[in-house]
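Chemist: Quick paste of what Swiss-Prot says about this protein:
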SIGNAL    1-21  signal peptide
DISULFID  Cys73-Cys119  disulfide bond
ACT_SITE  Glu164  active site, proton acceptor
BINDING   Lys230, Thr231, Gly232  substrate binding site
Amino acid sequence: MRYIRLCIISLLATLPLAVHASPQPLEQIKLSESQLSGRVGMIEMDLASGRTLTAWRADERFPMMSTFKVVLCGAVLARVDAGDEQLERKIHYRQQDLVDYSPVSEKHLADGMTVGELCAAAITMSDNSAANLLLATVGGPAGLTAFLRQIGDNVTRLDRWETELNEALPGDARGTTTPASMAATLRKLLTSQRLSARSQRQLLQWMVDDRVAGPLIRSVLPAGWFIADKTGAGERGARGIVALLGPNNKAERIVVIYLRDTPASMAERNQQIAGIGAALIEHWQR
């Protein structure tokens with residue numbers, strides 16, 4: 001009997017450790033806000049139903065940064081579906097069209113790039129000049145905002161071009177969205193009739209091929225899980241990611257995480273987003 005009591009006591013002693021080692025998603029977000037001395041906005045949404053599963057500051061505005069490039073390429077694909085654009089169309093540009101961080105487009109000054117290649121560069125490598133060239137095809141920031149209104153997003157707005165849109169001034173609504181609005185818009189682009197099935201597959205594939213998101217949720221993704229994502233980084237501690245996740249290599253949920261107004265380093269911001277992602281995944285697996 002004494003042996004059984006000792007076993008029970010030993011088992012109970014381990015329970016608090018397990019809880020503290022694996023915080024619930026909202027607990028992790030609150031911890032991240034404290035450690036970052038900034039603000040975190042997050043939503044976890046079921047892809048099929050659109051039901052919100054977890055949310056924190058989901059209706060507060062955060063800078064989009066480069067996460068807008070997914071919506072931009074969605075607008076480009078909508079034009080392709082309407083017969084107003086072709087992914088194979090070649091766009092030529094000049095040295096003066098290039099802005100900071102253009103790792104792909106800077107190599108093609110002589111031969112130009114197709115619309116499809118520009119979208120791939122904008123999403124997979126976050127190429128800023130590629131994004132600006134694509135923005136010009138949809139009517140600039142105002143044209144992209146108009147597209148958002150057409151598909152029912154009355155919150156998200158783009159007001160400037162790369163790279164000025166990453167300024168992330170406190171209280172500035174320019175170039176912002178909310179986690180809830182971004183998740184709903186991404187869901188519309190990937191599941192509704194806003195885009196053809198072919199264009200939906202293409203947009204998703206570009207996100208699957210993202211090559212600059214390694215330190216974030218991808219760093220904590222279990223084996224066999226699906227991820228398609230796009231990150232963003234800005235001034236004044238702004239950082240963000242929009243992603244689709246799921247076990248068994250299937251996209252089942254949309255996760256949007258934004259940070260702002262933190263003095264933390266890029267490495268610290270990446271670590272906090274990864275920690276939130278890990279908490280979401282672990283809670284999902286229970």
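Cβ atoms are placed via backbone N, Cα and C, with glycine included.
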Chemist: Using all protein chains in view, find how many other C-beta atoms are within 10 Å of the C-beta of the residue listed as 'active site, proton acceptor'.
Modeler: 11
Chemist: Say you check the Cα of Glu164 (active site, proton acceptor) against those of the recorded positions Cys73, Cys119, Lys230, Thr231, Gly232; which is nearest?
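Modeler: So, of the listed recorded positions, the one sitting closest to Glu164 (active site, proton acceptor) is Gly232.
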Chemist: Excluding Lys230, Thr231, Gly232, please set out which residues of the same chain place their CB within 8 Å of the center of the CB atoms of the substrate site, keeping sequence order.
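Modeler: Apart from Lys230, Thr231, Gly232, the close residues are Met65, Ser66, Thr67, Lys69, Val70, Ser126, Asp210, Val212, Ala213, Asp229, Ala233, Gly240, Ile241, Val242.
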Chemist: Between the Cα atoms of Gly232 (substrate binding site) and Cys73 (disulfide bond), find the distance and write it as a whole number of Å.
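Modeler: So the Cα of Cys73 (disulfide bond) lies 15 Å away from that of Gly232 (substrate binding site).
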Chemist: Near Cys119 (disulfide bond), which residues of its chain come within a Cβ-Cβ distance under 8 Å, counting only those 6 or more away in sequence?
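Modeler: Residues satisfying the criterion: Cys73, Val76, Leu77, Leu87, Ala130, Leu134, Trp206.
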Chemist: Would you mind listing, in sequence order, the residues at least six apart from Thr231 (substrate binding site) in the same chain with a Cβ closer than 8 Å to its Cβ?
Modeler: Ser66, Thr67, Ser126, Asp210, Val212, Ala213, Leu216, Arg239, Gly240, Ile241
Chemist: Which three-state DSSP class does Cys119 (disulfide bond) fall into?
Modeler: helix
Chemist: How many other Cβ atoms are found within 10 Å of the Cβ atom of Lys230 (substrate binding site), counting all protein chains shown?
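Modeler: There are 26 such Cβ atoms around Lys230 (substrate binding site).
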Chemist: For Gly232 (substrate binding site), what is the tally of other C-beta atoms lying within 10 angstroms of its C-beta?
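Modeler: Taking every protein chain into account, the count is 24.
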